[in-house]
Amino acid sequence: MSQERIQLRHAGVRAWLTNIVLSVLGFILLDLTRQLIKEFHHFTIGFSGVSGWSVLVYLAAMALILTQPVNRYTFAIILTIAIACRLVTLLPEPFMSSDIYRYAWDGVVQHAHISPYRYVPGDPALTALRAPNQDLFDHINRRDYAHTIYPPVSQFLFFLITFLNPTVTFMKLAMILMEGLTMYALVHLLTGMGFARERVLLYAWCPLLIWEIGSSGHLDSAAMAFIALALLARYRGRPLATGVFLGAAIFIKFYPLILFPALFRRGDYKMPAILAALGAFSYACYATVGMRVFGFLGGYIQEEGMRSGARYFLLELTQHIPGLHVLPVPAYMVFVACVFAAILVWCWKTASSLAPGEVRGSLWTEALNLPATANFLPPAMVLAFAMMLLFSPHYPWYVAWLVPFFTLMPSLPLLAYTSGLFYLCATQLGAGTAESEFLLNRILYTGVLVALGIDVVWRQWTMRHSVAQRRSPHE
């Protein structure tokens, strides 16, 4: 038997071993998801225990899929476990967040031919809608003083979903199906860039997503779906589709706007034109309420400490540094603006610099092993990650949109940030007090900084090792 056939057989055996170990890890993750539901009402190992073990299983599965051979059955195993975990979370009522009740309520209000921006849920004008939708109304947070905060495209989705079925379970199902769109786009991006489709496990098995999308049904799932589709359209050189998908993401959740500089190609104005047109059309549909179309956005900014600066960990950290303890919020905002200005200049020089048909790589594409045509992905990831680090959200679902970037470009700092925030929020540090939040972020940011150092050293070593291997045959 030739050496080549022996190696092929050995690889085949290892692929089957991968499937066996992956199946075991998948069943453990599924059991932990079932345990999460039990923890809603009966304490056993607590949310911190479930989240901690889930992260460990996720890390093991990730290491397996990134380093070991696979075969045609591996992808089916990944999808089966991902679907099973989400089905486990589908029927139980949301426990960790009540946001989804507002989604369904907004849809119900629209079916009564009333703008969701016109009244707060507790307004007497909506009394007739309460009795047939009492379960929704009873669980809405801020129902007596806050107008809906969700932008127009999200309202389109709420209208369509509740037209089919105005229940929380169906709304959760819709958000889970949105994850299917995200995985579709990620698989096509991965295979298009020359990576194994099995890497989609980094998204599909992420416990943060199983909890926050599967269990809580957060709207971020829809935003992620359109972000992923926008990335795919940008990779394929389709500016109109990029504008439509990015616009949909922006007017579902405002934060994807930060990706615009990375996805814009210099000299091509089709994408920004269609994006602006989509925004104008979507807001025009609700223009009868005037400025109330922006809903509770201003109140939320105030309530969450974004205006006072109480939300920003890096600003709070300066209060513990001699000489900087009186740094005002405007000064921090200037710092944030300078950081983003530097990143935007980089975006302009890299992601937007390729003319149609032109291919040019960069140090980033080489370091991340990306094709030159994907040179817009590193700037997009850096913009998204920088935004989260600078504004330090304290809800784990706010960072869920970083997971697709992590799937496409595995990065130790991104892993430390998303998984770290997910786990720490499930501990007593996630209690929501100012002291616990500061300690949580101090641990989290320290971990990210350490992870960044390790990641830089590792990538430099691998790049030098790769260069040395390429040169050795000629020396």
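If you go along the chain as it appears here, the first residue is 1 and each next one adds 1.
Just so you know, glycine gets a Cβ as well, placed from its N, Cα and C.
Keep in mind that TrEMBL annotations are predicted by a computer and have not been checked by a curator.
The transmembrane segment annotation in TrEMBL covers 12-30, 42-66, 73-91, 176-196, 208-232, 244-264, 276-301, 322-348, 368-391, 398-423, 443-461.
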With a Cβ cut-off under 8 Å, give me the same-chain residues at least six positions beyond the ends of the transmembrane segment (12-30) that come close to it.
53-54, 57-58, 60-61, 64-65, 68-71, 73-74, 77-78, 80-81, 84-85, 88, 205, 207, 210
Could you check if the transmembrane segment (398-423) is in contact with the transmembrane segment (322-348), meaning 3+ Cβ pairs under 8 Å among residue pairs at least 6 apart in sequence?
no
Sequence-remote partners of the transmembrane segment (368-391) [C-beta within less than 8 Å, at least six residues beyond its ends]:
193-194, 231, 234-235, 255, 258-259, 261-263, 306, 311-312, 314, 336, 339-340, 343, 346-347, 350-352, 354, 359-362, 398-399, 401-402, 405, 408-409, 411, 413-414, 417, 445, 448
